[in-house]
Amino acid sequence: MLNADQAELDKFGELAHRWWDPNSEFKPLHDINPLRIDWIDQAISLAGKRVLDVGCGGGLLSEGMAVRGANVTGIDLSEKPLGVAKLHLLETGQKVDYRKISVEELAEQMPGEFDAVTCLEMLEHVPNPSSVITACARLVKPGGQVFLSTLNRNPKSYLFAVIGAEYVLQMLPKGTHDYARFIKPSELARWAKMANLEPEELVGMSYNPLTKKYSLGKDTSVNYLMRTIRHV
């Protein structure tokens, strides 16, 4: 059974043509992308690394890592965002191998073939996030790193990520997030350890509505990122 929610795939598919517009519904992704890429690059030095981007969508992270010199494969199950990602390569001349395949299926085909795996802003959109993490762990080489990000589940995250972002500030379309699918860091760490991944770093990502800027820091109460290493 495919670990995907068709309604979620359809939702992002309908918005796909605006993926690379920094003033569209994807503005938050454009705003956080440099922070995410810098964080990953500092941990593994992307140049020359073979990296898999799981849930790549329209390719913002995938292409950004390719610009830093990584050999990137991007996978997604939504046809339209993948089409947009491929078209954008024609504009920029970057090289990314985009494929429509589930992470679980790719793990059967290419176990242990990547220096690093990224799965950012995706886990809260699938029915079984632990299955995704297990597949990510299988795909990375022993000693390689898996980078994860999602939304914490607590009253503050509901207030900020759902009410604030979708209804008050209208930064995201209404219905972008389902609070019931938000994931506590302790849950993410447990799933990582079950998959033979050791959590090494936990970083929060905060938004300042006055400056309209994002920053990384210690506050993991809403958005957060986790860096893990696969045991040798």
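Even glycines carry a Cβ here, placed using N, Cα and C.
Note that the structure is predicted; figures quoted are calculated from it, not measured.
S-adenosyl-L-methionine binds R36, D76, L120 as Swiss-Prot records it, and from the list G55, G143, G144 the residue named for this site is G55. Taking Cβ-Cβ distances under 8 Å and a sequence separation of 6 or more, the neighbours of G55 (S-adenosyl-L-methionine binding site) in its chain are I75, D76, V103, C119, L120, E121, M122, H125. Cβ neighbours within 10 Å of R36 (S-adenosyl-L-methionine binding site), excluding its own Cβ and spanning all shown chains: 23. All protein chains shown were included, and the count of other CB atoms within 10 Å of the CB of L120 (S-adenosyl-L-methionine binding site) stands at 23.
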